[in-house]
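> The D-ribose 5-phosphate binding site annotation in Swiss-Prot covers ASP25, GLY154, GLY215, GLY236, SER237 and rests on sequence analysis. Marked as active site, schiff-base intermediate with D-ribose 5-phosphate by Swiss-Prot on the basis of sequence analysis: LYS82. Sequence annotations record features per position, and here Swiss-Prot assigns D-glyceraldehyde 3-phosphate binding site to ARG166 based on sequence analysis.
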Amino acid sequence: MEIKKGTWIIKKGFAEMFKGGVIMDVTSAEQAKIAEEAGAVAVMALERVPADIRKEGGVARMASIAKIREIMEAVSIPVMAKVRIGHIAEAKILEELGVDFIDESEVLTPADDRFHINKHEFKVPFVCGARDLGEALRRIAEGAAMIRTKGEAGTGNVVEAVKHMRRMMEQIKQVTKMEDEELVAYGKEIGAPVELLREVKRLGRLPVVNFAAGGVATPADAALMMMLGADGVFVGSGIFKSKDPRKMAKAMVLAVTYWDNPRILLKISEDIGEPMRGLDVEELEVRMQERGW
């Protein structure tokens, strides 16, 4: 147990290195190089960005090994890759391949409708999505070393990411004011281990890095998520579905760095070209955020 705990501490320490940065979805070596040159702290290797997964439908699986290896060989920054929720075999394959981080992601079609992966059994660290404190702490209990909002990926609409971040921050604030017996009852209510709730109370935040993700499409969106308390930002379709990906990628990185400086944000937001076209979340047939439990 102590070995696993120590490993988790190392894993979450690795995730701390991403704080204040942008992690970008890429589908080719060329895109990965653009992301690295723009200042991304890591890239997420994918076969299709979330907007295309949403548009094309079908079963979305782990990217091909050839695709991931191509991206790993193209850049010197960490490379992440997604696996389906509960798909232990995909995760073992990616660990053997040598990716730096695995995202057990609701963007892909879930493989198990009852269980998430036991992430303690892996040496490679995992990031998982969450809509609230209960989901976040369940994933951390399973061994996640990093959390991100689920938002609504592939929409270019930040409203759901905002909702999830605000909800989580409000719940954390409530926890900091609770007595221990209240923590026990609250843990039962939200399905979270009381030991982790005690840690949240002590820290006044999640015990792991908490990024924003899902619908971030403009530098202003990225800055907004930082204002709401995010430690950094994942950008999926927002960069390479924009009119000028190079400019947009650089602008996203600068917006996360200077999120609290309106003068710089104004300058960043000028001459970046058209952002990706957004979708109204209320009109969606498939809500990826509802995948997972």
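Placed from the backbone N, Cα and C atoms, the Cβ positions cover glycine too.
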> Among the recorded positions LYS82, ARG166, which residue has the fewest other Cβ atoms within 10 Å of its own Cβ?
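Taking LYS82, ARG166 as the recorded positions, the minimal 10 Å Cβ count falls on ARG166.
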> Check SER237 (D-ribose 5-phosphate binding site) against DSSP and tell me helix, strand or coil, would you?
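Helix, per DSSP.
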> Rounded to the nearest Å, what's the C-alpha distance separating the residue listed as 'D-glyceraldehyde 3-phosphate binding site' and GLY215 (D-ribose 5-phosphate binding site)? Just drop the number here, would you?
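Between the alpha carbons of the residue listed as 'D-glyceraldehyde 3-phosphate binding site' and GLY215 (D-ribose 5-phosphate binding site) there are 15 Å.
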> Taking the Cβ of GLY215 (D-ribose 5-phosphate binding site) as the centre, how many other Cβ atoms fall within a 10 Å radius?
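If we count other Cβ atoms within 10 Å of GLY215 (D-ribose 5-phosphate binding site), we arrive at 30.
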> Reported as an integer number of Å, what is the Cα distance between GLY236 (D-ribose 5-phosphate binding site) and LYS82 (active site, schiff-base intermediate with D-ribose 5-phosphate)?
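Spelling it out, the Cα of GLY236 (D-ribose 5-phosphate binding site) and the Cα of LYS82 (active site, schiff-base intermediate with D-ribose 5-phosphate) are 12 Å apart.
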